[in-house]
Amino acid sequence: MALKSNGASTPVSIIDLRGNTSVSNTEENLKSSIIKSITSKDVVYRNKSHETLVRSIPTMVLYDDKGLEIFDKITYVPDYYLTEAEIDVLKNHAVECVSKVARNGSVLVELGCGAMRKTKYILEAIVAQGLQNVRYYAVDLSESSLRESLLPLTEAFPTINFIGLLGCYEDSVQYIAKTIPTSTPKTYLWLGSSIGNLNRTEAAAFLKQICEKGMQIGDTFLCGIDRRNAPEVIGLAYNDTQGVTRDFIMNGLDHINTIFGYPVFDRTAFEYLSEYQESEGRHAAYYRSLRNQTVAFREGDSSVVNGTGQLKVALKKGEIINVEYSYKWSPREVDALVETAKLYNVGKWTDSRDMYDLHLFQKPPFFFEKKKATVSPIPALDEWEQLWKAWDVITTTMIPTSEHLSRPISLRHPYIFYLGHIPAFLDIQLARAEGSAFTAPEAYTEIFERGIDPDLDDPNVCNPHSSVPDQWPAIEDVQAYKDRVRERLRTVLVDYQNGREIGKRVKRVLWMCYEHEAMHLETLLYMLVQSPTTLAPAGVLEPISVRRQPVPSKMLRFTNCGRISTGLDDPESADLDDNSPAPHQYGWDNEKPSRQHPAPADFEIQSRMVTIAEYAAYLDAENGWHNDELIPASWGNMPEQASNGHTQSSAANGTSRTFGVKTAFGIRPLSQFPASPVSLSYNQAFKYACVKGMRLPTENELRKVRQEGRRLERHYGFGSWTPLGSLHEGASDDEPQAVVDEGLWEWTGSVFDRSEQDGYEKSDVYPGYSSDFL
């Protein structure tokens, strides 16, 4: 690699990376790509309902020095709203952005050479926050562009170390991965909606590649993404009234001639065709041939395709050649993007006109896939590993080392019980199913098997549970025990992958223990948010506050509901019958067997859950802020220095309290989550419904709603670590379906009551799961 300096008073360091990877944009690679694409019709062009295949030219031909110069002019054209929108976002949110992603010693890598008028807001925030030893890498294919961009930045921000990387993105990611220590926090910046130059599959693959090869847990990716705005607005942005975009596109033909060193294309024989293809959510740029003509490549250049001889391509009048796509993104498409890339979507900042977003992604410490291509007979090893990573993040980074014996919920065991309960439960179930010994120390099976669930009305009434020791084991011993049990399970899973039959009962136990641990993740978080000493999860940023107001709810009417089907048929006795097939799905004893319930009477129900804003308004109307029985346990007193909560004063004693929502990152203002479902007790929910002249739904009514409602897919697998809104962005109050919000359990007015009369059988594998509560 050659380290170059321009010899100016303020030198600019540029590292030449070209040719370091197979996809490097060397001249020979570009020649080959041009010839292969122009000689093949492999790009789909849709004209109304008709599809044809057309030729293409690599988008990279647009970005020579002249093209970059013209593109810079485009960014000043009023019709091209993207640049000003991104500047608006950075101007208003750069300080918050930098406070999230950067600290002393951070590395920032901008994919594409930054423009001073955009990048300066990030750099100013770095300086204003007093960060030291920050390195800023700019990536570009043009050495002159790197120098022109970095020189003024170097002079304006002398405390930041600027380095240019000359090469393609892949070259630069490889360089960063090899040279930057893994402990150094990194942030990639991909601004200007450059992601739009890739189709959705390519964009996801690119982000996934950077996540896997160029990022460590906790590293971040700042990505500018243009929305699916009005077609006429997008069309004008890419075919502006001043004709600058047309010049930019047509310069690509001149660049091709420069690359080959002879006139391949006659620019005057083509025109620019601009189309916004709404169904695909993309703008498309084409060259259109103005006459019948032949494009010829000389011998030597054409050898990349046909070996020897001159290559000629005949173009008909009116034939089009694709040169660029600019994809626009809906919220759901962004969710699908980060899902495929296995990134955590921290959130976004939006411009003042709601046209453009700056998204912040992060490499998470664990990742749960929403959808799997195949479902295996048992949870796969990788699924267990991700679950264990989640458990370890929560139990080893959120609980202070001095707090393992704390009981944030007084009627429950201390934290350490749950740290031992998870491996002990798994070990007990595996040993029983296999007919093998417990993992040492066996005494742990006596103190960690079952927790306590006292009656809230009379805590002296409690379920059968494990004996409570006078002194809990040392946390180090419990963690070592957990590791041994996990290794035991890994052996079972690897043996199964290698073809060993493990039996239906073991398969049942594996599914049960997997879901058991997942449910305890949830209950442990309930405990953690109640404690003022809880730490934020390591490697996870607090989501960006949205503060979106709730979409007005409406009443939905359900008539002629029909009978309601519940449950599944999964007799445990079949596990021991070699002649019976394995069940398609496993269930808990309270879910079995399948049964039919009478049709509910016609009913009306609110179209979504009650939100925090609505419950706060109810407390206002009922003067309920002074009544502790009405304040949800999911809310707490805000620190005195915080604001934007809901303050209630007491005239009697002159005191006041400001309420906020308890989260994994501390108590946050109610105003951050107005559209999120309110989490409260049954008694609070019951009273709210009564005051509103309504009631809680029955279980079967709620099942009917869930059968016909639309689910919010992002409310799954730690898609957000703080409450999310009840509706997706862009939803309206006239949509006919109810919202099924998987982010919070819903209360019903039905009593949990199962008996032999409705087919209930107590589980042999886990007898106390339901029977303790009947």
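Backbone N, Cα and C define each Cβ position, glycine as well.
Annotated in TrEMBL:
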COMPBIAS  569-578  compositional bias 'Acidic residues'
DOMAIN    55-362  domain 'Histidine-specific methyltransferase SAM-dependent'
DOMAIN    386-524  domain 'DinB-like'
DOMAIN    585-710  domain 'Sulfatase-modifying factor enzyme-like'
REGION    567-599  region 'Disordered'
Structural state census, the domain 'DinB-like' (386-524) (DSSP three-state): 80 helix, 0 strand, 59 coil
Positions whose Cβ lies under 8 angstroms from the compositional bias 'Acidic residues' (569-578), at least six residues beyond its ends: 503-505, 508, 585-587, 591-594, 761, 763-765
Three-state composition of the compositional bias 'Acidic residues' (569-578), taking helix and strand from DSSP: 5 helix, 0 strand, 5 coil
Local confidence of the prediction over the domain 'DinB-like' (386-524), expressed as mean pLDDT: 93
The region 'Disordered' (567-599): DSSP-derived helix, strand, coil residue counts: 8 helix, 3 strand, 22 coil
